[in-house]
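Enquirer: Got a structure for you, questions after.
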């Protein structure tokens, strides 16, 4: 019997771990059955046109048709209907055919009684249609009524951009049918992803249970394993671009990697100084699904499906994007930038480069957090709890500069407490420990200026701990902190070499432009098949952006009446600087279909000069055509746009002509997609209103103290719950994923438990040391609030931009200072550490499951 009990005690940790694993897997399976399985039919849709501001009535037997191009698979089709009168009865027949061959690809029949007005009515196709790039389809809808009520089908007012006209019984309608295509369903992937994440999370919790019961894993190592393992789960559940402001941090890390790649490149191009308003990535580093900050189940599928992709582009490939960076300080991006640079060298794709950069930040944080728990002379539970909060791990497993900053602040705080208040404070620190203390302080100081008071606490360390010339070391340390903070945050270390100009031929002499009629001495081959003299006189006689775009359509494409929506699109792109006039002309004159069609210099000279200048130079300046023999059609085009009349013509419109794009040929659809992407990016970035430029400056605050006090009071009342949530992780992603308040309360209860001192041990710091630590915490928090206050426009009702996560770096020190002296205590410190870590692991499992369910519900 005694041997049996002894064996049971020996195997108790393993049995408890296996029981925990079984229980958590059972819970995961139940949640899957109740909440995940019903969502397996989730679909992903794209609209051909989402404008249904007009409608056309369909009589019995009439067929409404719409031709469109679509690259992806087709699973279902949604159409917008209105009801002019009563609910119609009968059947609606849908037929999908190949627009080029007429082959029937799929069909569907729906019952009209189920049609709901003013929203898309979706009809599933009887078979999946496999997509192909550029494939064109014709959608036909025919109602067969059994009563007098009829349907009206929604369409746009005017033909939609890049789309064809809708027809009813073969007659054109001035609009494009509002069509929604379902091209992807999540299916069984959601089951596999959910259960794999839950299974890995259950393994981590089970390992924690075994570790704390067997006491075979020290707390610092357990914190490292949990931070790394849970952080990896956060990195998958909330993929790249999901963390707060992560897109700006990603831009900075990738730009830094491109700078290093450019340094080691053999190419002549030099990167030079990059402003924060632009960023660099490789040409292939684009993924629309991943770059959407609103995570969905399809983001998970895209992440896992592209996780092991590679690319053939060289490591020094670069593409400039009109996307913001965070600032000019590269210090906190060294780890993530180095990981991305390694991905460049290994020719890894965009997704693995993103995940590698995240992993680098996570490793740095996990190592520093474990170091903090190891060296802390007291309050180890506080450091462990702060490191394993949901918000901490969410930031640590991202490109955010807060990932290394949090680790540096935690490690410095623990090292400082050990040096100033540790058991060996009468002895000099070991050289390694001293270097670590000074190094973490010097690195965190320039990370964010508001945490300088934390770095300044080194002054509390007794001189004996610093060894010989202690005061000199303190002075040099403080000087280094301030100097690095000022230098790195003022951008003076940014590159100053200018970018090289386009490597193009120079023109020895500018030929004089001659006034000539648009049609004078022009070769007939440069004119459209059926010239329209009146239209040519109109578009060549007016110097407007619209006339320029119409000349491109006319002389390059033989289109004399392009869709107004397309003309407006390119005019807007020119006005907003999304494309230069020369690049746009290149996208018409040097398309894949046209680039090899020019028969000589006169041909390209005529077309280029007519498009750019509105006059034909092939007759008046025929010598320019000779450049065709030296550099082909591209060189002739460069000669034309380099002419002074061309520059002057666009200057009158407020534009620089620009230079040719490196891509030859240049597909106009690709250019249009890039313009639309730039417009979408600009739409997500804030534009400063004139009223927002008047903010709470120090002078304004001093003269408006009552208003300032009221602002701060309203902020605390209206946003207090938000700050409480975002401190521990109750709101994740871009604060768009709210967890249940129960998890928030549990996190605060665990922080309170971590604060409890051990019985019989006097809490430290005490006396003046405690006061100075409290003052440093208050200063850091005050500077954080003050920084947001200075950015707050005076007409705002609450403080601008403040988040609870901004206080995370000083949270451990604040909890150490606030530890109760007489309220309560724990009898056994080691047992309390084990209990805290185990409960934290269970809470994290629940938080991750809650987060996945919130994403699935989108």
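Using N, Cα and C of the backbone, Cβ positions are placed for all residues, glycine too.
Heads up, TrEMBL stuff is auto-annotated, nobody curated it.
Positions annotated as region 'Disordered' by TrEMBL: 506-533. If you look up TrEMBL, you'll see 14-35, 193-213, 219-238, 331-350, 356-375, 382-399, 405-422, 434-461, 740-759, 771-792, 838-857 marked as transmembrane segment.
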Enquirer: Would you kindly check 219-238, 382-399, 434-461, 740-759 and say which stretch has the most C-beta pairs under 8 angstroms to the transmembrane segment (771-792)?
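Expert: When the Cβ pairs under 8 Å are tallied, 434-461 comes out ahead.
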Enquirer: Count the CB pairs under 8 A between the transmembrane segment (838-857) and each of 193-213, 382-399, 405-422, 434-461, then give me the winner.
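Expert: Of the candidates 193-213, 382-399, 405-422, 434-461, 193-213 scores highest.
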Enquirer: For the transmembrane segment (219-238), name the stretch out of 193-213, 434-461, 740-759 with the most CB-CB pairs under 8 Å.
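Expert: Ranking 193-213, 434-461, 740-759 by Cβ pairs under 8 Å to the transmembrane segment (219-238) puts 193-213 first.
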Enquirer: Please give the sequence-distant neighbours of the transmembrane segment (740-759): residues at least 6 beyond its ends with Cβ less than 8 Å from one of its Cβ atoms.
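Expert: Contacts with the transmembrane segment (740-759): 378-379, 381-382, 384-386, 389-390, 724-725, 728-730, 815, 818-821, 824-829, 832, 835-836, 839-840, 843, 846-847, 850.
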Enquirer: Which sequence-distant residues neighbour the transmembrane segment (14-35)? Criterion: at least 6 residues beyond either end, Cβ under 8 Å.
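Expert: Same-chain contacts beyond the flanks: 191, 194-195, 198-199, 201-203, 205-207, 209-210, 213-214, 845, 849, 853, 856.
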